[in-house]
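What follows is a set of notes on a single structure, which appears directly below.
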Amino acid sequence: MSMSGSAAGGTMSASAAAAGSASSAAVQLSDYESELKPGCSAGEVDTGSTLPFWEAALATLILSFLIISTILGNALVILSVFTYRPLRIVQNFFIVSLAVADLAVAILVMPFNVAYLILGKWIFGIHLCKLWLTCDVLCCTASILNLCAIALDRFWAITDPINYAQKRTLKRVLGTIAGVWVLSGAISSPPLAGWNDWPEELEPGTPCQLTRRKGYVVYSALGSFFVPLLIMSLVYLEIFLATRRRLRERAKQSRLGPMPSGLRKDTDDNEESVSSETNHNEKSTPRSQAKPSLVDDEPTEAQLGTTPPKASGPGSSSRGSGTTNAGPQARQGGPGTATTSTVYQFIEERQRISLSKERRAARTLGVIMGVFVVCWLPFFLMYVILPFCLSCCPSERLVYFITWLGYINSALNPLIYTIFNLDYRRAFRRLLHIR
């Protein structure tokens, strides 16, 4: 009886222990699955764990400065193109489209991300969450695709300068820009049509985050970044090689001495197209270096045209080509030696200036690609890896840092694409009333 009771008691005790172990294992498994859930790091942001006061204050200060800088920088670019005459050329509408995309990032995306970071949770509801995420993908994708369009524009202008100068009309440029925004919409809109894993309502502790559907992640990452990155890399590599070829040709010509003016005219037509386009149409004529007195005067119609500037021969009336200084001398001097010497001196000066711009163009290309890759590659690697790596849980601070690194590109774009261009600097000084 006692043995039986003891056995029964032992059985009950064992059953209770087994049940407890099973319950504990279930809880541990649930916790483990929760920890391994894709996007768990993004979920941590919404657990209500706000930043310490000093971190929140510092983050607010830095990010607010970044937002204001992005808005001001891109607004200045847009105003410069429409208010400063030398910048009113069709290819600069690509820069305007880029600035609009970056301006939208600063106005529609960044402020909500700051609030999300500081509060530690999303308080604006599911509908605004969906709209915010869609705007995020749309604007950032448009910014990246505009960079790609700018690269292609430069590439075509260099590889086929004569024909592309005729094809690069306002209608064609605006059509390309429209295509950039339509493609950006096609990449960002599928989650709104149902390709998502968003909840119907945001419960307390539920994060507002990009969908983790693997198919959409691959689709959007390819369209938003990896394909444009491949195109830009190939295009800028070709531009760099073309620039290096020009440098070698010019160095060789310098050793051989000046070419006859008629031959040099045709050569400069193509070479100046390279110099102009790699600097994004920074004038490759010797306006600033060779003839300082012409720099601050009103720009000429030739400089505002959509075709590459021409190295006109002696006697040409094209002020944009800079030959007005040689033309009168040629007419006055006649066909004598003095006239030929003057023309050769002008050509040599022109070659020296263009050579300097070629070198600067090569450095600019390195800055463009370097900044683009540093800003966006970490984010898109994280974006693609997390849905497929169940054990990957980066800290929320790392997630926010990588996210904001991508946003920083919108603040740097107006600097990169304008700081190397004298006309933009002049336009900025005029708008800001700086002498």
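Cβ atoms are placed via backbone N, Cα and C, with glycine included.
Automated prediction, rather than curation, is the source of TrEMBL annotations.
Copied over from TrEMBL, here are the features:
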type: TRANSMEM; residues: 56-82; note: transmembrane segment
type: DOMAIN; residues: 73-417; note: domain 'G-protein coupled receptors family 1 profile'
type: TRANSMEM; residues: 94-119; note: transmembrane segment
type: TRANSMEM; residues: 131-152; note: transmembrane segment
type: TRANSMEM; residues: 173-196; note: transmembrane segment
type: TRANSMEM; residues: 216-242; note: transmembrane segment
type: REGION; residues: 251-339; note: region 'Disordered'
type: COMPBIAS; residues: 305-324; note: compositional bias 'Low complexity'
type: TRANSMEM; residues: 365-386; note: transmembrane segment
type: TRANSMEM; residues: 398-420; note: transmembrane segment
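Contact between the transmembrane segment (216-242) and the transmembrane segment (131-152) is present: at least three CB pairs lie under 8 Å, with pairs separated by 6 or more positions in sequence. For the domain 'G-protein coupled receptors family 1 profile' (73-417), the model gives a mean pLDDT of 78.
Of the candidate ranges 56-82, 131-152, 365-386, 398-420, 131-152 contributes the most Cβ pairs within a distance under 8 Å of the transmembrane segment (173-196). Sequence-distant contacts of the transmembrane segment (56-82) (same chain, at least 6 residues past either end, Cβ-Cβ under 8 Å): 50, 88, 92-93, 95-96, 99-100, 102-103, 105-107, 110-111, 114, 117-118, 404, 407-408, 410-411, 413-415, 417-418, 424, 427-428, 431-432.
Beyond the ends of the transmembrane segment (131-152), by six or more residues, the same chain brings 94-95, 97-98, 101-102, 104-105, 108-109, 112, 124, 176-177, 180-181, 183-185, 187-189, 191-192, 208-210, 220, 223-225, 228, 231-232, 235-236, 239, 280, 368, 372, 376, 406-407, 409-410, 413, 417 to within a C-beta distance below 8 angstroms of the stretch.
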